[in-house]
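Notes follow the structure.
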Amino acid sequence: MVSRKEEILVKLLALLCILAPSQGKGQRHSFPYLRPASSFSSLPQPHYYDYIIVGGGTAGCPLAATLSQKYNVLILERGGSPYGNRNVSYMQNFHISLADMSPNSASQPFISTDGVINTRARVLGGGTCINAGFYTRASPRYVDEVGWDGKLVNESYPWIERRIVHFPKIAPWQDALRKGLLQAGVSPFNGYTFDHLYGTKVGGTIFDDTGYRSTAADLLKASNPRKLRVLLHATVQNILFNTQGQKPKAIGVRFKDELGNEHKAYLNQKTAASEIIISSGAIGSPQLLILSGIGPKEDLERLGVKPILYNQHVGKEMSDNPMNSIFIPTKKPVKQSLIETVGITKVGSFIEASSGFGQSSDSIHCHHGIMSAEIGQLSTIPPKQRSLELARSFAQTKKDIPIEAFRGGFILEKIDGPLSKGQLTILNTDIETTPNVTFNYFSNPQDLRRCVFGIRTIEQILRTKSFADLSDVHNYSSEEVLRMSVQANVNFIPKHTNDTKSLEQFCRDTVITIWHYHGGCHVGKVVDQDYRVFGLDGLRVVDGSTFLKSPGTNPQATVMMMGRYMGVKILRTRLGKKAGV
């Protein structure tokens, strides 16, 4: 049992986290709509809202900010605040954020059944808090394929860009990539642009010139604070339904706060237009649907979940854009950079780069267990599967990686719109248990061919003058560079003796993620064109789980745009010209 004293202490700590000063800005973030979930019971009763958004992430924040202009909105976010978290706020701590295994970290690692280490965002602002920051729009062709209104799309992107997006001061590593791409034939150079264009370009970033990160959470500043409530550490257990009508209707949610206490929040039943909108991401959204009784019959029966609606497509046909990296030794340490330059090829293989792996001296000094940078990523393995032999293997792998690789950086290739598909399997009825996810990387041979094309393009880039001037790669053969990369790309896929001679094998053995997984709640199978869940009233899904393929080279711009787009569309549908947006 939690004592009253302990309960008060936890609430104070949660409130301090919300109001913590943003390091480097000299300002105190104090947003009246942010509260710990345990404060819910002290709010005025009854708890009725026009919109309840489950997940304050990349789509959920702009969606809530828009809807709150006219209606009462509640966001239930399972994570904490990004404000005051140096690992979130500073580019120099990007790698540390991904390694942070503490219970309330912004990044929650998981391992796909393929053996690839991945992560889920667990923080207000979602993936925009833990990603590499690159901002680029979807192509007009993608917008047409999805069926979006092009005019509203072109209004929604700038709404995001005015608030949190910048063009970078291009770093030396990124400039060398730009020159190398053009010399390798990935042309033309399209300059600085948010647009998705074949060739080479410099895109936008959510990091400013000082390396300070803006996130989707900052878009909530555009909300009506009197109509918005955001509860942090609010973990939704399931959707509540009224099953008395012709179709089941979503009426509320059941959630737990940071103390483990249970609450229920309900929609305003005075209007049929009130809705619950799930924005929990490609893993969280299908998981919540299934645990709420919406999913494949065999899954609901196996879990003992009361069925609301059978839909065999929930959690199916999930994809992840596979990434393979070439680590490049340099003559001297290079300046840190994340994604700024990209080469967009017509075969669907994109080329990007990052540099500078060192941890900063002013990063958070805390022990991340055996996930720490000094020891490796072993703690992503479930405890019962860890062994001394595996730990020794990880230590040896890291010891064998040439130090030169960490003085430099890497060039990566990734596959856009992989044809390989997988699925999600719910393990139990605990929403906090990450499901088993299978992506079946390179099960479709076309994906493998595109990977080989990307690797060969990188090999051409490495031999260009731009990288010869910056790197030490001329002292290594192509096979030696690949061997270095085999050791440095950490996953749980067995290596092969020929993985530096066969580029196909290299692709299979060194595949990692770039965190662009999507699917599980596809349009046309789980939701309609307006993202309403088929067969139900009062429930939508608005996030990347609805995507058939990931938009642009990097999806965050389009996911944020989607949140704004749907918010405006919902307001205009309900209010017409009175919407004023």
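Cβ from N, Cα, C; glycine included.
TrEMBL has this to say about the protein:
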- E77, R78, V123, V236, W515, H516, G544, P555, Q556: FAD binding site (BINDING)
- C451-C507: disulfide bond (DISULFID)
- 121-144: domain 'Glucose-methanol-choline oxidoreductase N-terminal' (DOMAIN)
- 281-295: domain 'Glucose-methanol-choline oxidoreductase N-terminal' (DOMAIN)
- 1-24: signal peptide (SIGNAL)
Chain residues outside the domain 'Glucose-methanol-choline oxidoreductase N-terminal' (281-295) and at least six past its termini with a C-beta under 8 angstroms from it: 54-55, 57, 110, 120-121, 126-127, 236-239, 241, 303, 305-311, 314-315, 318, 424, 426, 429, 431, 434-435, 437, 517-521, 526, 533, 536, 541, 543-545
Nearest-integer angstrom distance between the alpha carbons (Cα) of E77 (FAD binding site) and C507 (disulfide bond): 37
Least buried by Cβ count (within 10 Å) of the recorded positions V123, C451, C507: C507
Max pairwise CA distance, angstrom, over record-listed FAD binders E77, R78, V123, V236, W515, H516, G544, P555, Q556: 25
DSSP-assigned states of the domain 'Glucose-methanol-choline oxidoreductase N-terminal' (281-295) in counts, ordered helix, strand, coil: 11 helix, 2 strand, 2 coil
Other CB atoms within 10 A, centred on E77 (FAD binding site): 30
Same chain, 6+ residues apart, C-beta under 8 Å of the C-beta of G544 (FAD binding site), given in sequence order: T58, A59, G281, A282, Y517, H518, S550, P555, V559
The domain 'Glucose-methanol-choline oxidoreductase N-terminal' (121-144): DSSP-derived helix, strand, coil residue counts: 9 helix, 4 strand, 11 coil
Cα distance (Å, whole number) from W515 (FAD binding site) to C507 (disulfide bond): 17
Arithmetic mean of per-residue pLDDT over the domain 'Glucose-methanol-choline oxidoreductase N-terminal' (121-144): 97
C451 (disulfide bond) and V123 (FAD binding site), distance between Cα atoms, whole Å: 32
Inter-residue C-alpha distance, Q556 (FAD binding site) and C451 (disulfide bond) (nearest angstrom): 23
Spatial neighbours of W515 (FAD binding site) that are distant in sequence (at least 6 apart) but have CB under 8 A: N118, T119, G127, I130, N131
All-chain count of other Cβ atoms within 10 Å of Q556 (FAD binding site): 27
